[in-house]
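What TrEMBL records for 254-441 is domain 'Glycosyltransferase 2-like'. Marked as transmembrane segment by TrEMBL: 39-59, 79-102, 416-439, 459-479, 506-524, 571-591, 603-624, 660-687.
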Amino acid sequence: MVVGVDHQQRSDGESRSRWRNHNYSVSFRDKLLYYRQEAIQFATCFLVLAYLAVTSNYFVFKFRLYVRHGRQAVASPWILLVLAFECLYFISFLISAVDNLLPRSRRSKLPPLDVEYGAGDPNEQQCPPPPPMVHVLLTCCSEPTEIQTETICAALALDYPHDRFKVLVLDDGAQDELKAICENLQIEEGGGGGGGGDIDAGSGAHDADNIDQTITPPPRRLQYLRRTKLPGVPHHFKCGNLNYGLEHSSESEYVVIVDADMILHPSFLRRMLPYLVNSPNVSFAQIPQCYYNLQVGDLLNSSSIMVYDRMFPHRDSANIATCVGTGAVFRCSHLRSIGGFQPESVSEDTNTSFLLLSKGFESVYVHERLQIGLAPWTLEAFLKQRIRWARGAIQQVATWNILLGRSSKLNWVQRLLVFWHTFSIITPILNTLMVPLLIVMLGLNLNFSVGSLDENLVLVSYMSLTPITWRILWVVLWVDIAKSRTGRSSDRLIDNIQARNREESYFWWISPYMFVMLLKMINWNSSFVFKPTGNVDKQQMETNSRKGGAGADGNMQDCCRSAGRFTQVKVHLVCVAAVIGIVTLRVVLAVKHGDCVEWFRVIGLSLFLLTTSFHLLLPIFFLANSSSHLKPADRKSLLCYDARGVPTFDPESTTGRPQWAWSALVYEALSFAVFAYWVGVLCLSIVMKSHDGSLGWCNMQNSF
């Protein structure tokens with residue numbers, strides 16, 4: 001299946017042309033990788049269609065069964081509720097299947113931009129034109145100044161002509177200390193103090209212990225800006241800050257947006273600009289986020305490998321890859337044509353991206369790790385970050401009349417993915433409601449079946465094909481991801497196992513938080529306080545420091561704080577405890593009664609609930625093991641610095657992968673056990689049907 005053909009063909013044509021112009025050749029290894037990728041894509045499409053086929057067959061049979069035995073079904077309304085949940089899950093998969101059917105983008109990697117100019121060939125008597133003017137918009141909002149300073153210095157160290165780019169520090173936290181840092185950067189270079197809210201500066205060091213004073217960019221490459229916030233006037237959070245920077249970028253052809261904790265590689269501009277300068281219809285180019293402080297095992301799935309290594313490279317083929325808020329280069333003329341960054345939601349990045357694409361412009365996803373930054377240190381900060389993203393996705397409903405209206409230039413695939421960007425909130429709702437329902441059904445031993453024995457054996461055989469096909473598809477999707485990453489095959493395989501299970505666990509354990517967020521949003525006029533993720537970590541660490549004490553009192557306070565942290569996972573604790581207690585009770589009773597039908601019923605539902613409980617344990621494990629986690633105090637030891645004291649990294653060796661944790665094998669074994677169980681159920685249902693529901697050790701006729 002090929003989607004977005006025109007865009008892809010243009011990209012492939014341009015790429016092939018550039019390869020010919022630069023004398024690139026395709027090696028046998030490249031051809032082998034290409035055909036391997038094609039085989040994976042074919043297998044993915046086949047499995048997606050197979051899953052849709054077996055699930056549709058299951059639903060058709062189940063609907064007919066419930067219609068034939070309508071009174072029996074109505075007498076057990078809980079099974080009708082389960083059927084409704086199943087239908088909504090299927091609809092959500094049907095929409096999200098577009099992501100899995102999209103081919104991986106074949107956009108070729110372009111050579112870095114040639115930034116040499118001013119010295120032409122004396123025989124031709126012409127000089128190369130200067131590279132485009134770029135402004136780097138560095139958004140700050142009360143993050144630790146040490147982090148801000150390193151980000152500023154890394155931006156100033158970009159490998160780009162000094163007179164062709166400027167770093168704009170957009171201080172939305174009104175930090176006098178940050179303002180003083182920018183003033184000192186100018187004074188130390190002999191530029192004189194600035195005073196006021198608009199300061200042009202050279203570069204230097206605010207803290208001689210952290211940053212070497214040999215950084216000497218030319219004057220006027222650093223500008224400090226602080227906007228005035230009038231009471232009662234909407235400020236639009238980060239979006240308003242970016243638009244304030246855009247107002248001060250009238251001389252710039254492109255703007256780069258960077259978060260205060262993200263460090264750009266020196267080659268960032270030279271590697272990114274080629275995707276825009278020769279393609280006037282491209283509005284922005286985006287790179288993946290990569291973190292240097294991932295905890296061992298990445299229990300919270302901060303790395304989001306599925307998004308950056310699978311979803312975005314495939315969406316790029318359909319021209320629907322969006323901005324993620326940092327590490328993006330925008331064309332200023334396109335931004336100004338839509339009125340700047342869009343403030344309709346707190347996710348101004350995707351909101352602006354979708355609007356640009358709806359105007360007929362294009363985007364580029366550059367799958368290179370050219371920025372590294374900080375993932376949330378604490379569970380509290382992580383949850384606030386993800387809930388803010390989800391809230392922003394829901395708020396984008398207000399823009400559907402533009403994005404999905406008649407005037408929109410989005411094709412049907414793009415429209416469907418815009419819709420799914422918001423509608424995906426349905427899955428956390430279903431998870432949060434369905435699991436308690438199944439716990440109650442198991443605990444009260446409620447009836448699960450409708451119809452005769454033969455009908456239920458057929459239904460079970462059809463149903464078992466659904467999780468079997470899904471599990472195979474899920475593994476193949478991650479094989480695709482493993483092939484796209486760098487490193488040894490054995491390392492990719494190990495990382496693949498861990499990331500795959502973390503992604504699946506995240507699907508379950510994040511659901512209660514999203515459900516609560518949605519309940520709070522029912523009041524659409526409720527106020528929202530934007531708080532950057534880094535500030536949540538900063539405030540929590542400061543609070544812990546103030547509350548710490550010595551002796552018995554201090555130990556008691558530490559214990560109370562440790563216990564208090566678990567209030568963040570109280571729903572998970574209650575759910576896990578309920579599952580363990582009810583499963584234990586039902587298994588004991590099933591063994592006591594000796595009814596094989598009850599055995600299968602209890603084992604199947606118990607295995608599902610126990611698997612879900614294992615997924616819910618991850619945030620609990622994260623809190624319980626917090627004493628061994630990386631802390632903000634360890635941050636500098638995780639970075640490398642060049643001779644000038646500027647943080648740097650190697651994009652080729654930076655993988656964005658967390659360290660391996662052996663607990664991932666437990667989840668892999670659990671996944672295999674679930675798969676083996678359903679294969680066994682499929683085989684057993686076929687055998688039982690051929691023997692009229694009776695084997696030597698089990699006679700199901702007595703239960704129907």
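Each residue, glycine too, has its Cβ placed from N, Cα and C.
Automatic prediction, not curation, is the source of TrEMBL annotations.
Residues 300-301, 383, 386-387, 390-391, 394, 425, 427-429, 431-433, 571-572, 612, 615-619 of the same chain lie 6 or more positions beyond the ends of the transmembrane segment (506-524) yet place their CB under 8 Å from a CB of it. Between the transmembrane segment (416-439) and the transmembrane segment (603-624) there are 3 or more Cβ pairs closer than 8 Å, counting only residues 6 or more apart in sequence, so the two stretches are in contact. Nonlocal intrachain contacts for the transmembrane segment (79-102), taken as residues 6+ away from its ends with a CB within less than 8 angstroms of a stretch CB, comprise 1, 3-4, 44-45, 48, 51-52, 55, 59, 62, 66, 73, 311, 314-315, 317-318, 413, 416-417, 419-420, 423-424, 426-427, 430, 433-434, 437-438, 441, 447-448, 450, 473, 477.
Here the transmembrane segment (660-687) has Cβ contacts under 8 Å with residues 296-299, 457-458, 460-461, 464-465, 467-468, 471, 494-495, 497-498, 501-502, 504-505, 600, 603-604, 607-608, 611, 614-615, 621, 695 of the same chain, all six or more residues outside its ends. Taken as a whole, the domain 'Glycosyltransferase 2-like' (254-441) shows an average pLDDT of 95 in this prediction.
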